[in-house]
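This report refers to the structure that appears directly beneath it.
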Amino acid sequence: MAFELPNLPYDYDALAPYMSRETLEYHHDKHHLAYVTNGNKLAEEAGLSDLSLEDIVKKSYGTNQPLFNNAGQHYNHVHFWKWMKKGGGGTSLPGKLDAAIKSDLGGYDKFRADFSAAGAGQFGSGWAWLSVKNGKLEISKTPNGENPLVHGATPILGVDVWEHSYYIDYRNARPKYLEAFVDNLINWDYVLELYEAAAK
């Protein structure tokens, strides 16, 4: 299937002051658009255009790095925009998700610390993740455009730690960006939706 740039599910000003209009304009309108444009060209050249995005990501991993980079980043960003909302974050998680975080990760405070540490500790560009693997939640980090799909897990929350995600708003203070993301931006309803789908 052809890659398409999704519209943001909120206005460009909606996430301020935690993520500015300028960041969203550059990140969505330029960076994500480039992954879509390049990904479509590379998928067509590889004869994989008819596959789903998830299948293109899995098939290109380790076999077609240019395609994987763009397909992986497109997949990651399609979800990234939905993982945020105005007035998001905080400790009031949906019950089922709260229970899973308690049983699998040791509770919200430990999740917050470990998820933020994964993002802060990713050397260079990459992502931090909350995923479902073998029925349990796990936190991980990946370089560049890689994601948990290629490691047998289903991502239900991710945060982009490429510099273009935060440099306009936070300069080199990646931990402050991660703190703002967790405390003020996460769309826990969307995380729950993905968790329930992955747990089936």
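Note: Cβ is positioned from N, Cα and C throughout, glycine not excepted.
Swiss-Prot lists His77, Asp160, His164 as binding Mn(2+), and of His27, His151 the one it places in that same site is His27.
DSSP classifies His27 (Mn(2+) binding site) as helix under the three-state reduction. Same-chain residues at least 6 positions away in sequence with a Cβ under 8 Å from that of Asp160 (Mn(2+) binding site) are, in sequence order, His27, Asn76, His77, Phe80, Trp127. Annotation for His164 (Mn(2+) binding site): same-chain Cβ neighbours under 8 Å, separated by at least 6 residues, are Thr23, Tyr26, His27, His31.
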